[in-house]
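Visitor: The structure that follows is given in the form of structure tokens.
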Amino acid sequence: MGAAIAALQSEIERLPTMPITLISAWVIIMLLMFSIPFAKLPDTKAKVMAGSNALLVSFIAAGLIGWLSGELTFTIEWGFFIPPIGETLATLSIWAVGLPSWEMILTVLPIGIIIYVFGFSDLLVANTLLKGADEARTDENINIDPTRSHYIVAIRNLGQLMTAGPLLWAHGPIWTGVQIFLIDRYKKGRAVMDSIYSGPMNFYLLAIPFGLLMPVIGIITPLFPVALSISLLLTGICMCLHFHVYGEHKCFREELLSPLAF
């Protein structure tokens, strides 16, 4: 619960930097993903398309509104981004900078324990989200195994350590904002997302190659604060809902989200 409060509080503190853009993004993402009146509207193609692509719709709207209000500026360049593999290996790889001393390892051990506590809480959030998705659909059985998740994260991070791979700043078990979005799509049925396993794969199969296009980078880079804001906002909402809704308190969702009845 403390993490949820911290996530929501950080976004309140970020608000003065780009108020029009952030408020627009918050309203749109909350409306499309959590608004009860919106969910009760007839399932037209426009509604299904907007609800299934809530993140994309909120980014496009935030980018347009931010540009019109002067809070965002975009610099478009043409070409392809060539990852600086040599510089990355020379700067971050253990093969170039060497291994830290035992003294340094022992010094940062308490920080490592704290990081594991955060990572374990992420696994709890992921398990809760997946259990909710498994209950929502009976046409697929989601195999949830926390022990396996520990091994997968450890193997992935070890591979990152050995190769100085990308996403060094995102070694946690879950990207909560995207996970909530994908599971929300999954709950809408097989017509929207065929499988819980294909959803994340399709997301990254498109995100990685598009991330190498300079025009896309020019558009996405100014939207990074918006993406982080939405991710933390969804993280806070997710923790509030999923750690207080399950069991005998499922009705809490409607009570908590009643202000969205617009």
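Cβ atoms here come from the backbone N, Cα and C positions, even for glycine.
Note that this is a predicted model, so its numbers are computed, not measured.
Copied straight from TrEMBL:
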- 18-36: transmembrane segment (TRANSMEM)
- 48-68: transmembrane segment (TRANSMEM)
- 80-98: transmembrane segment (TRANSMEM)
- 105-126: transmembrane segment (TRANSMEM)
- 166-183: transmembrane segment (TRANSMEM)
- 203-220: transmembrane segment (TRANSMEM)
- 226-246: transmembrane segment (TRANSMEM)
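Are these features on the surface or tucked inside, and what touches them?
Guide: Packing against the transmembrane segment (80-98) from elsewhere in the chain are residues 161-164, 166, 168, 211-214, 217: each is 6 or more residues past its ends and has a CB under 8 Å from a CB in it.
Sequence-distant contacts of the transmembrane segment (203-220) (same chain, six or more residues past either end, CB-CB distance under 8 Å): 63, 74-81, 83, 178, 182, 227.
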